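Worksheet: one structure, shown below.
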Amino acid sequence: MDIQHTEASDDRPSRRGFLSLAAATGAAAALGLPAFTASAAPLRPTASPLLSAADAARNQLWWRTPGSADSMIQQGLPVGNGRLGALAGNDPAGELLMISDATLWTGGANDTLQDDGQFPYGRADFGSLTLLARLTVEMDGHDLGAADGYRRTLDLAQGLVTASYRLAGTTYQRQIFASHPDDAIVLHFSQQGGGTHTGTIRLAGTHGETTTASGAGPCVSFGASFANGLKYGAAVTARSSTGKVAVDGASISFSGCEDLTVVVSGGTDYAPDAAAGFRDPALDPERLARTKALAAAAHSADTLLHTHVADFRALSGRLDIDLGTSSPAQRALDTWERLQARYRDDVPDPELEAAYLRFGRYLMISGSRGSLPMGLQGPWLDGNDPDWMGDYHTDINIQMNYWMADRAGLSDCFDAFADYCLAQLPSWTDITRRLFNTSTNRYRNSSGRIAGWTVAISTNPYGGGGWWWHPAGNAWLCQSLFEHYEYTQDRAYLEKILPLLEGAVEFWEARLLTTTVTDASGAEREVLIADSDWSPEQGPLDAKGITYAQELVWNLFGNYHTATEVLGRDSAHRAAVDALRERLYLPVVSPKTGWLEEWMSPDNLGETTHRHLSPLIGLFPGDRIRPDDSTPKDILDGATALLTARGMNSYGWSNAWRSLCWARLKDADRAYQLVVTNLKPWAGDGNGTALNLFDIYQVEPGRGIFQIDANFGTPAAIVEMLLYSRPGHVELLPALPDAWAASGSVSGVGVRGGFVADVRWRGGRVTEATFRSVGGRSTTVVAGGRTRHISLMPGESTTLRNL
Amino acid sequence: MRSPSYPTPHGAHTPSVRRAMRTVAVLATAAALAAAAPAAGAAAQAGAASPAGTTASATTAAATASAAPVRAASTPGASGIAAKPYMGWSSWSMQSSKYPGLNPDGDYSYLTEANVLKQTDALAAKLKPYGYDYVNIDAGWWRDNTWKPEFDQYARQTPDPVRFPHGMASVADHIHAKGLKAGIYLPVGLEKEGYADGKAPIWHAPDCTTADIVYPDLRTTNGWDSAYKLDFSRPCAQKYIDSQAQMFADWGYDFLKLDGVGPGSFKTGDNYDNVPDVAAWHQAIAATGRPIHLELSWSLDIGHAADWQKYSNGWRIDTDVECYCDTLVSWENSVNDRWNDAPAWSHEAGPGGWNDLDAIDVGNGDMDGLTKAERQSYLTLWAINKSPLFTGDDITRLDDYGLSLLTNRDVIAVDQSDAPVARPVTPVGDQQVWATGNSDGSYTVALFNLGSAPASVTAHWASLGFTGNAAVRDLWNKESLGTHKDQITEALPAHGSRLFTVRPGGSPLATTTYEAEAPDNTLTGNASVATCDACSGGKKVGNLYVGSKLGINDVRVKKAGIYTVRVSYVSGDPRSVTVYSNSGNGTSLPFPATGDWGTADTVSVQLALKAGTNTITFDSGDGYAPDIDKIDVPRSA
C-alpha cells in the first residue's frame, strides 16, 4: 500500500479545466434563480471555453436523422437551463422546439379530500405540468429529402444540440442551447459555402394564447394566466448580421440571412413561497420574457455560446468515466444504430454504456438547477397531458431521480429537490394536521394524535397532494435529503433540512402503534409498528407494520439522531427517538417463501415480480441489510431470495432499482444485465431506450411513455457498481462486470462521508484511487480484498496505489 | 380499373379495421349505382384468393427457375411492343376519385372525349418529349353516366354518345395526330348486358350468336362476376374476340387493357381462369395485323406468370393504386403495398412483358393525396421495378415538383434501361435498400424509409458484392455526392427515398461461403435439409417454423467487427426470420418473397462476429421462416 498525502490540488487536465472555468464564471457554486425573475448580468468568460473537437467528440451522442414532429418525446433532443426545458426536432426544413417551464403547473393546494379521505387527482384540482410554447423556425427550401450528409449531435459536456447538412453546395449548421446564465434558449443558424437562410419564426402557446408583436425590436410574445391564477408568458426575437429580419404579423420573417440567431425566453410568476400563495405578484412574465430575450439577443451568438458553455462545463466536467474501449465498428454507428447493435449482437459497448451515464448527467444539469426539481419527465413534455401529470411521485420516482446527483458529481443539482421540500413544508404540515386524521382516511392515525407532516403519493408545487395518502413518504423523502448531507457534510444544509426531519419524526411519534410479536424462538416481545399503510403499489391497501414503513422509520430515526448530534440540538428528544427506534419491529424472513417479508405475514400478498422493491429499501437505498457480517445471514438470504423472485425483466426505473440492489449484493453480472436491459432500443413496443435515449415504458400496447427516473436510476447503478460507500466505509469496484473490467476509470464520484473519489482499474483490479475530502475526515477503503484507512482534512486529497 | 358496377374490396387480402370500413363505403356507393351487383359475395371471397394461388404455382415456376430467370415474353416481335415499359397517361385515377369537381356528372363521369383530348394535348406538350406516349382510355367509354353499358348489334361495346360524341376512332385520330398512341379498355368475358338473350349475332361469324360463345349454364367470370365466361371450346368464342379486336384495330387503337382477369383479380377457380381469354386476345390481335399492346389487370396470379408472359405485354401485380377517396391515391391505400408485393415478381419481367405497378399519381400535389417525399418514393419504386410509367394525374395541372418528378430523365432512364428489375438487397423492414446491376458495371441503388418518422438508411457496398470506394450520384437531386467508402447513409424523411447511381471504384468482395446444409450445423425442431435445384450445392435447410432453428457453426473471421453477411434463401412468400450471431438477441427480419419455392435470392444482414469461430442462427420464432440456402461472409469486415 502506498498512501500519499497531497495538497488539495489535482493535476488531471479535466479537473484543472473545471477549476479555471469555475473561477472564470463564478457560476459554479451560485445556484441561480429561485424562479423566473430578473437576474444580474451573467459573468462572461474572457477566453473561449469550447472543447477541442476531439474532446467534444468523446462526449457526444450523434444521429444521422432528425426527429419526427410526431414523436418528439422519443426523438427530440433535450436542452434545458434547469427551469426551461425544450425538445428539439432538428429537421432542416423546420426546427421545432417544444418548450416547457418546470413551474407551468395547473392545479392548486388541492386540500378538499374525496369521500374516501384521499386526494383528488385531476388536471384541474391537483394539476399538471404543461407545455409553455411551441417554437418553429421554418427554413424555405431546406427539405430533408434534398439534404446530404445530415447529422445531429448532442454534446453532453458542453450542453449543445447541433445539426448540420449539405444542400446545393452549402453546409448549413445550427446550434441550440438553453443558457442558465442568460435564462434563454438560443438557436444559432450558420452556413459555409455561400448559402443564406430565408423563412419564418413562429412562437405559439399551447393553451390557446394569442401571440402578438411587441413594441421593441423584432420580437413577438404571448402572455396569459391559468384558472389557478398562475401568470406565464414567452417571447422570441431574432437577429442576423446580414439579410432582413422583421416582424410579420404575429411571426418573425427572415430572408437572405447568412447567419441567424433566435432567442426565446419565458416563464411564470410562480414563487416557491407557501406564504405568498406560490406567486410573485410583482412579476409580469410576458414582459420579463421579452426583456430577457432582447437582452440576450443584444450579445453576439459567440458570446451567448461561450457564456453557456463555461457555465455548463463547470458542472459537466466534475465527473469523467471510462468503462473501456468500444470497437471501430461500434464507433462507426450512430447512437441509435449502436443501441440496436448492442441489443442485436449482445456485444458489450462500454463507450455506449458510459454515454448513458453521461446522458443522465446531462439531463440533470439541464433539468435541475435553481427551480423546481424534476418530476416524472423533468421539464420535457410533448403535450399538455403528461401521464401522471408529470408530477412528483414520492414512493420511488423523485427519490430515484436524485440518487445519481451526489454519486455522479452533481451535488449542486440536488438542491432543487431539497429546496422544493422546504418550500412545500408549510403546506404539507398544514394539510397533514388538518386532514390526515379525517375519519374516512383509511390511513389515519389510530392513536387519534397528529403531528408533523407527511405527503400523498403524488405531490405538486402548490403544497398539494394527489391520489392517496402516503404516510411513509415523509420518511423516504428524508432519507434522500439526509443522504445528500452524508455526501456533502454540509452543516448549513443539514441545519436547513432539520425542520423536515423533525416534522417527519414527530409524525411517526404520533403514529406508531405498540403490538406484541412472537419471535421464531417463541419468545414474545413488544414492538412498535407503523399504522395501516400500503406497500407501494401492491398488496393489501391497509396493512400494519409493512416492511417499507418499518425500514424507512428506522432510517429516519437514525438520521435524526445523527443530525441532532452533529448540530448539537435537542439531546433529550434524540434520546427519546433513539428509544423508539430500539423498539421498532424489523422484518423477518418468511418461512413459507424464504423471502424477506413485505408485510407482517409469511404469505406473499402481492405480485411476485412487482415493479417496486419496497421491502428491499433496507438494501438500497438504505444499507441496514449488507453483504457482510453485520447482517444476519438469514436476513441477507431472505433479501436476496426476494430480489431474485422479483426477476430480471421489468422496465426502466424498476430495472434500475434491481440493478442497484444487485450491485449492493456484489453480483456484477446481474447488475450489469439489468443496465443492458434498459438499453434495449425502443421502437414502438415493449420497454427500453428511445432514439433520444429517453427511457420509455410501455403503458399499454403501442403507447410508450417517457419516465425520466430510469435515466437517472440506471446511471446511479453504474456508479454503484464501481463504488459503494456509507459514512466511514468505501468499497471500490464492488460489482465490476466483465464487460468493463479490462481497464477503465472514473473520476469525481461522490462518496458518503464527505469525499470525492477517482478510481482507475486494470484487469478488474484497482490500480489507483484518489480521495479528496469535501468535508469528510476519515474512512476505511476496501479494494481487492484489503482494507485501508485514510484520514484527511477538508480540501486535502490522497492517492492509493497498488491496491 | 375495377369497374364500379362490381366493386371488389380494396385490400381485402390485407384486412384491417380501417380498410374494412372503407370497403363498406365503396360497396355502398356501388350498390346504389348497380343494384344487380353481388357485392357482398365478392367481398367475402376475395380474402381467400391468394394463398391457394401461391401453392398451385410452386411446381410450375420451379421448372423454369434459373440463376437469373428473366423470361422473354412471346410478343415483343418486330413491332417492338413493350420492348421497354410503356409510358403515358390513363383516365382511371381521376375517374375513380372523389376529389371535388373531377366527376361532376356522377361517379366515373370524368371520362369524356373533351377530357381525353385535353389530357392528350397536355401530354403531347409537357411529357411526350420524355417518352410518355400512350393515352389510355379506361373503363366506361361504353357506359353512360348512370354506368349503363351500351352495345352494338354484335354484342360489342359501343361508345356512349354523351361521353364520346364523335366516337372512338375520332379520339384515336386526335391522339395519333399528336404523335401519341391510343389505348382502350375492356373487361374480360362477355358482359352480361351484351348477351341479349343469346340472340345477338357475332360480327363476321354467320353461324354464331352470343348463345354460342358462352357456357349453357351462363357461368360468370372476371373480378366482378360482371360477365359470362366465354367457352373457347366453341369456335364462336374466338370469333367474338376477333370481332372486338378488329373493331379496335379499325378504330386505330394501339393498346388494350383487359381487366378483371383471373386467376387474379381476387378470384381463383375454373370460372375465373381467363388464360384462354388472354390467349384468344393474343391470337385475335395478331390476326388484325395491327400491333396492339395487351395489358392485363389486376392482381394477376404469379403462378400463371408464364401464361401472362406468353400472351400479353404486361400484368398488374397488385390491386388498384387508387384510393377511391377524396384524392387520387393515398400512401396507405394502396401505394405502399407495392414494396411488399413487387419482389415476388422481379424475375418475371423483361422485354415484351413488364410488371405493372399501376398508375403513377405524383404530379398534382394536393390532389394526389401524398407528401412530396411519398411522391418521390412512389416514382422511385416504379422506376427500379421497370414498371410501366403512366400517370393518372391531370396533366394540365402538374405542379412544379410533380413535373420535375415525371420529367427526371435519369430516373426515366432507370425505368427504361436494360438492367434487370431491382430487388431488395436488405430485409424489407421500415428501412430498406433495393438495387440492380447496370450493364456498365454501375449499380442503381434506392434507399427507402417506409416508416412514419425520419430515419437514416444505409446501403453497404458489401451487399452489392464489392468493397472500397464508390462514386455516388443522386438522381433526384441531380448532384454528385462524391466518393463514399464501403457504404452510404442518408437521412430520409417519413416515407422518403433516395435514388443513386453507384459506380464501384474498389474491389470485389472476398467472401467465404457456408452452406446451410453443412453437416456440422445445428438444426433444431423441424428444421431439415431438402433438395433445391436453384440452391448452391443443390440443397437448402427448410421447415423452419414455430421454434425451429438453423445454426450455422464454425463461421470464422480473423477480426472482430460488424459484418455484412449475405444470405441466400428461398421463400415463395414474404417471411420473417430472426437472425443473430452467437449470444445475440437478433432482429426479426422480413425477407422479401423470391416468387416461388424454386428460386433463390439474397439479402444482406448486419451481424457482429468475433475473431475466431462464430455461430449464426436463423430462428423461426413463432412463425414461418424462409428456407436458407447459404451465407456468404466477407473475409474482412
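Note that Cβ sites are derived from N, Cα and C of the backbone, with glycine treated the same way.
Whatever TrEMBL says is automated annotation, not expert-curated.
Features reported for this protein in TrEMBL:
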| type | residues | note |
| --- | --- | --- |
| DOMAIN | A:61-113 | domain 'Glycosyl hydrolase family 95 N-terminal' |
| DOMAIN | A:130-271 | domain 'Glycosyl hydrolase family 95 N-terminal' |
| DOMAIN | A:301-722 | domain 'Glycosyl hydrolase family 95 catalytic' |
| DOMAIN | A:725-783 | domain 'Alpha fucosidase A-like C-terminal' |
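Three or more CB pairs closer than 8 A are found between the domain 'Glycosyl hydrolase family 95 N-terminal' (A:61-113) and the domain 'Glycosyl hydrolase family 95 catalytic' (A:301-722), so contact between the two stretches is assigned (pairs 6 or more residues apart). The helix, strand and coil residue counts that DSSP assigns across the domain 'Glycosyl hydrolase family 95 N-terminal' (A:130-271) are 3 helix, 94 strand, 45 coil. Helix, strand and coil counts under DSSP for the domain 'Alpha fucosidase A-like C-terminal' (A:725-783) come to 4 helix, 38 strand, 17 coil. Helix, strand and coil counts from DSSP across the domain 'Glycosyl hydrolase family 95 N-terminal' (A:61-113) read 4 helix, 25 strand, 24 coil. Taken together, the residues of the domain 'Glycosyl hydrolase family 95 N-terminal' (A:130-271) have an average pLDDT of 97.
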